[in-house]
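**Q** One structure, pasted below without further comment.
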Amino acid sequence: MIKADNALLLEEPLLRVPYEMLRKNLKTVHKHMTQESTMVEQTLSKLQQSTQHVAAEYGEKQQEEARESLDQLISRVRGLKRKIATLKDEQNETLTTTKARVEHLNVIFDNEKETDPEKQKETEKKWLRTRLERLLTDYFLRQGFSETAKSFAQNRGITSLVDVTILDQCISVETSLRQRHSTAECLAWCSENRSFLRKTRSSLEFEVRLQHYVELVKSGRVEDALKYCQRFLSKNADIHLREIQQAAGLLAFPPGTEGSPYKDLYACERWNQLSRKFVQTFADVHGLSDGSSLLYTLSTGLSVLKTHSCRNFGAPAELPITADKDEDMDPSLTSSARPYARRSENLPSVFGSGFSIRMYGSDEIRGLDTLPVIPPRALANLSSMRRDIAMQNNLDLEESIEDDNEESEERTSGDGERDSDGAVPVEELEELPDAPPELLSAEYLARRIEEATKENTDIIPKTTLDMFNHFYPGCCTSHQLSRADACPVCSVELNSLAENLPYAHHIRSHLDADPVVLPNSRIFGRAKLMEYSHKMMKAAPNTVVDPTSFECFKIDELITAYPS
């Protein structure tokens, strides 16, 4: 069961944002009331002094001035009333949002007091589902999918639990800076929040005005640039003197000057820097988290799963050799294995989770550069039994081999160089009789996919593992066993997110109760590995087969793994 106190650790922005809005609203009301009340008191004081004169001395001119002053006073008071009414509506809306969020968080506290286990479990499941929907909406907004986020929030009924309006405003200003290269919206926002920027000594407004000055110089409007500098930049000389001096140097080095020391000021990258600085400042003003709450929540879970056995995806476990010269390689490698060793650091895992080929229709296949090339050492362990299974599924391997041989002869030059796609000629694999050479060709696999999708558009494999399961039945892992290698920390999507997280310290595995390490550093559950090796691969009694690389190992070589 989820602990309420632990859940609140990640929910600070949920209440922080409406709190900051209420605080800002209160300060705005106080500011307007102070300004207008001072003006009203001064006007009434002047009128009172003027009416103390004798009626005879109080002529028509003085009476007209008094009436005008009263009209202006009434107009200002009415304007103040409209402002206060608008701010009151915003306050009521924020209070409603705050109430809904407090009730949402209070559900898990009330659930701890529930005595019925089934009802308690159902309530917790519903709350977690709502939290996931909140996190997804927040992620959509931060990625710029505003319409998707709004539709999703309305459909799920969680509009009051997400900051759609605030983040939409942030995205609007950020887009104007990064894409349209316009400073108008950002300067307007800086004007509204000038007190906060002054209090935190933020340089955002100066940086935006400096960029506007740079754009004036780039467009050749030198006189306008000088006037703009004197009006807006020079008053910050006590803090940003060095930046102002550099800006003045732009007048002597127009854009396009070769070897200009001011090329960084002219660079378009400054717009991206400004947009990032604005987003950071906007988050500080409204109490938003720096990044997506979804990523923070994922990081919390990944830190629990991350162990020292998790690998960096940039260095595939099955292709550890990255030597550049033949003499630096393992002498046991065959000549056909050496090209793979040199290319290993650029290749994905053979069945690496996360690598996918996106299908854009049955006649066009893109993304084939992500196809893995299976190393010959792994192919050498493919038994003839798997070839028989493939042939029973109407895969004419011999004809395919002949086609690949002809294509290799046409593409390969007389000196034996490899063709442009990096495929090794089939002639180099004569020493591997059990290795189906067509598996080495990305073109062959692409051709088989295209033929299959033309016949049946429902056959659209999404991953490399799906392709091999479809075209080479029996050659891949079972669904149950493949889950053991689908570590979230090692996946392509989450590997970079987990890179800087600390390692967890566990004494037992929650994925497999009996994890073992193979000599190639892969980890599987012993029972699943034994069942797969003997039932699927027909391995010898004292032998196991790696389901990802098809390498064979003796049972004595297995080492019991401990997660931490």
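Glycine residues also receive a Cβ, built from the backbone N, Cα and C atoms like all the rest.
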**Q** Look up region 'Disordered' in Swiss-Prot and report which of 42-61, 62-81, 102-121, 322-341 it refers to.
**A** 322-341
**Q** In the domain 'CTLH' (166-224), how many residues does DSSP call helix, how many strand, and how many coil?
**A** 46 helix, 0 strand, 13 coil
**Q** Could you count the residues of the zinc finger (487-549) that DSSP puts in helix, in strand and in coil?
**A** 18 helix, 9 strand, 36 coil
